[in-house]
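Colleague: After the structure tokens below, expect a handful of questions from me.
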Amino acid sequence: MRIETLDFSKFHVGTDAERYEFSTALLTGFANAGFIKLINHGFSQEEISQLFEENRRFFDLTDSIKAQIANEDGPKPQRGWSAVGAEKTGLLNTGGKTNLTKPDIEAPQDAKEHFDIGPSEDTEFPNKWPDNELIPGFQPWLESFYERSRYISFALMEALEIAMHLPKGAFIQKCQGHASELRLNHYPKITVKTLQGGKTSRIWPHTDFGVITLLAQDDVGGLEIQDKDNPTNFLPVSREDVSELVVNIGDTLERWTNGFLKAGLHQVTTPREIVNQSTETVRPRRSIAFFLKAHRQMSVGPLPQFVAEKTPAKYEDITALAYQQRRTAIVY
């Protein structure tokens with residue numbers, strides 16, 4: 001299995017033929033691997049580098065300062081800072097199965113902290129920001145990155161509509177509103193021995209809740225995706241270019257397509273080059289993820305186009321917010 005690298009400019013400014021070629025390649029890449037890489041998407045190398053600098057500036061704040069905008073545990077969209085170990089992703093997809101209730105097992109630990117925001121206009125679940133005097137320019141920079149990421153995500157959904165011969169807006173109209181989220185991740189340095197112990201991982205195998213995810217990652221390594229040709233195996237996904245984005249399918253798109261497209265199971269663990277060196281320390285890792293989400297009151301049950309007598313609905317008809325609440329309740 002391989003991850004295809006697609007040139008977004010072919011869709012954004014290409015001819016009709018190039019747009020269709022990109023669309024079909026996107027669908028094929030998603031169907032084969034659940035993931036693709038995206039280049040020429042509009043973010044320059046300098047802008048992605050600045051994004052990682054904003055990540056560093058935030059997580060360099062003291063825990064006491066970050067705690068002033070801490071996320072409140074519970075079944076709701078996350079906002080603000082979550083400390084190392086607050087989230088328990090090891091409970092989300094035990095045995096590769098997507099859990100909708102918390103399994104009755106001891107939760108393994110996550111060795112990461114993160115900061116989450118939603119849209120600036122969201123009054124139902126408002127954002128929590130550090131004081132601008134402590135980290136000048138942080139909020140407007142992330143708000144701008146959020147909006148541009150949403151634009152790219154909508155364009156990718158338009159491409160899928162084209163490739164799957166769906167009515168215009170079949171996916172995009174369900175994603176309007178105040179639901180998508182942006183997350184900064186920081187994985188502090190950790191020993192290989194700790195990660196090999198089986199009780200702690202940087203992030204455990206899981207699928208994302210939303211429609212699709214755009215991920216920018218640094219060069220530390222450790223991101224791995226499930227090999228669909230050999231589901232017990234995970235394949236490393238290294239960064240080949242500063243500005244590339246890794247794009248994966250989330251639970252919602254799997255549900256909308258009635259399982260035709262499968263959410264991409266992934267994890268962050270010990271980089272392959274030091275996996276057998278138990279005395280080594282894994283460097284801190286940083287990543288930034290944009291999660292395209294459905295409107296909170298939209299159904300995440302299968303679309304009618306994917307349900308037939310021979311392919312009955314595999315997923316229940318519940319709202320996007322109810323689905324997120326079920327999944328979020330598992331990790332806290």
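Note that Cβ sites are derived from N, Cα and C of the backbone, with glycine treated the same way.
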Colleague: With H206, D208 listed by Swiss-Prot as Fe cation-binding, which of these, H165, H178, H266, is given for the same site?
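Modeller: Swiss-Prot names H266 for this Fe cation site.
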Colleague: For the domain 'Fe2OG dioxygenase' (178-294), what's the model's average pLDDT?
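Modeller: When the pLDDT values over the domain 'Fe2OG dioxygenase' (178-294) are averaged, the result is 96.
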Colleague: Going by DSSP, is D208 (Fe cation binding site) part of a helix, a strand, or coil?
Modeller: coil
Colleague: Restricting to the chain of D208 (Fe cation binding site) and a gap of 6 or more, list residues whose Cβ falls under 8 Å of its Cβ, or answer none.
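Modeller: Set apart from D208 (Fe cation binding site) by at least 6 residues yet with Cβ under 8 Å, we have N248, G250, D251, A263, G264, A289, F291.
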Colleague: Within 8 Å of the Cβ centroid of the Fe cation site residues H206, D208, H266, which other residues of the same chain have their Cβ?
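Modeller: Filtered neighbour residues, in order: T89, L92, N93, I203, P205, T207, T213, N248, G250, A263, G264, L265, Q267.
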Colleague: How big is the gap, in Å, between the Cα of H266 (Fe cation binding site) and that of R285 (2-oxoglutarate binding site), rounded to a whole number?
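Modeller: For H266 (Fe cation binding site) versus R285 (2-oxoglutarate binding site), the Cα atoms are 16 Å apart.
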Colleague: I need the CA-to-CA distance for R285 (2-oxoglutarate binding site) versus H206 (Fe cation binding site), whole Å please.
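Modeller: Computed Cα spacing between R285 (2-oxoglutarate binding site) and H206 (Fe cation binding site) is 18 Å.
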